[in-house]
Amino acid sequence: MSSQLIPATRRVLNNAPLLDAAHGKTPTRTPVWFMRQAGRSLPEYLKVREGISMLDSCFMPELLAEITMQPVRRHDVDAAILFSDIVVPLRAAGVGVEIVPGRGPVMDQPVRTRADIDNLPILDHEVTEVSKGISIILDELTDTQALIGFAGAPFTLASYLVEGGPSKNHERTKAMIHAEPETWHALMERLVPTVVNFLKTQIDAGIDAMQLFDSWAGFLTERDYTEHVLPYSTRILQEVEQYQLPRIHFGVGTGELLGAMSRAGSEVMGVDWRVPLDKAAERIAAVSGPKVLQGNLDPALLFAGTEPLTREINRIKGEAAAAIAAGNATGHIFNLGHGVLPNTVAENITEAVSIIHAS
């Protein structure tokens with residue numbers, strides 16, 4: 001991996017609303033991007049993905065670049081989010097994993113013993129297919145549009161590995177945490193360099209910001225999160241701090257964990273739709289001081305029609321403004337409180353972006 005702190009390929013963006021907001025400056029308009037904005041809600045996505053598996057498409061530079069750019073062209077969002085998947089770094093390291101349609105990532109072999117952990121491959125090289133894809137994306141983005149890279153946090157990766165795939169209850173994961181804490185911590189230690197090196201691939205290729213996704217952290221108590229998860233997410237964010245790009249931290253169902261998660265060290269905290277933004281800001285500021293907020297429209301509102309959608313967007317923007325006025329937040333990036341739902345009508349997303357920018 002490159003040891004260069006600020007890559008030569010990094011763009012200098014002086015008028016990108018998302019980066020201005022992430023740095024606590026006043027943007028020219030409310031920046032917005034949506035988690036899963038590149039995906040099944042877009043007919044053009046379904047067309048280019050036809051006959052190609054999800055994971056394979058993440059390792060095809062021209063295709064991943066095209067998919068990344070589709071929602072930017074269509075919706076006028078203020079950022080592209082790299083088309084990838086949480087398990088891509090595992091696949092790149094040599095872990096046997098496939099994304100099964102209708103189910104999600106499924107491991108060839110679950111990781112449940114210390115021997116399994118010791119044999120778990122570690123990503124120690126650049127993922128060149130991703131680097132090449134980022135280069136193509138950067139050639140098309142304007143200087144007002146940021147490129148966000150991302151990686152899954154080690155807890156979420158560990159859960160997929162231990163459970164062998166998606167889980168409704170994460171019972172094997174929680175059992176390992178409590179019954180075999182040394183084994184659990186060994187697994188988390190093993191995953192940290194894989195996550196860091198996947199982020200460094202993206203940083204060296206020139207991304208403008210990054211998000212650490214902890215999709216399943218909301219299944220944990222605050223005590224378990226603080227003791228068994230937080231130290232590893234903190235280390236990952238510390239490892240990339242030197243590159244001087246905004247770091248976003250997000251998990252689903254993490255309203256009760258926002259204070260704890262904020263201690264990991266990101267500049268921006270993602271909030272899901274279950275917690276009002278001004279209340280979320282209070283929880284974050286009480287622990288870590290004011291941060292930039294990201295969120296938090298319920299994805300289901302994209303099915304509700306113009307009037308309810310406009311009302312909810314204005315409510316959320318009002319909560320963000322109140323949090324900033326109270327000194328509990330330093331900025332706001334508009335997003336959903338989770339990913340775009342697969343059956344969302346693409347035109348509804350475009351309308352939401354227009355309302356966010358106009359109001």
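Heads up, the Cβ atoms here are built off N, Cα and C, so glycines get one too.
The following features are taken from Swiss-Prot:
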BINDING   ARG36, GLN37, ALA38, GLY39, ARG40, ASP85, TYR160, SER215, HIS338  substrate binding site
SITE      ASP85  site 'Transition state stabilizer'
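Cβ environment of ARG36 (substrate binding site): GLY339, VAL340 lie under 8 Å away, each six or more residues apart in the same chain. DSSP classifies TYR160 (substrate binding site) as helix under the three-state reduction. Around the Cβ of ALA38 (substrate binding site), 23 further Cβ atoms fall within 10 Å across all displayed protein chains. Around the Cβ of TYR160 (substrate binding site), the number of neighbouring Cβ atoms within 10 Å comes to 26.
Remark: of the recorded positions ARG40, ASP85, HIS338, the most isolated position is ARG40 (fewest other Cβ atoms within 10 Å of its Cβ). If you take the Cα of ASP85 (site 'Transition state stabilizer') and the Cα of ALA38 (substrate binding site), they are about 11 angstrom apart, rounded to a whole number.
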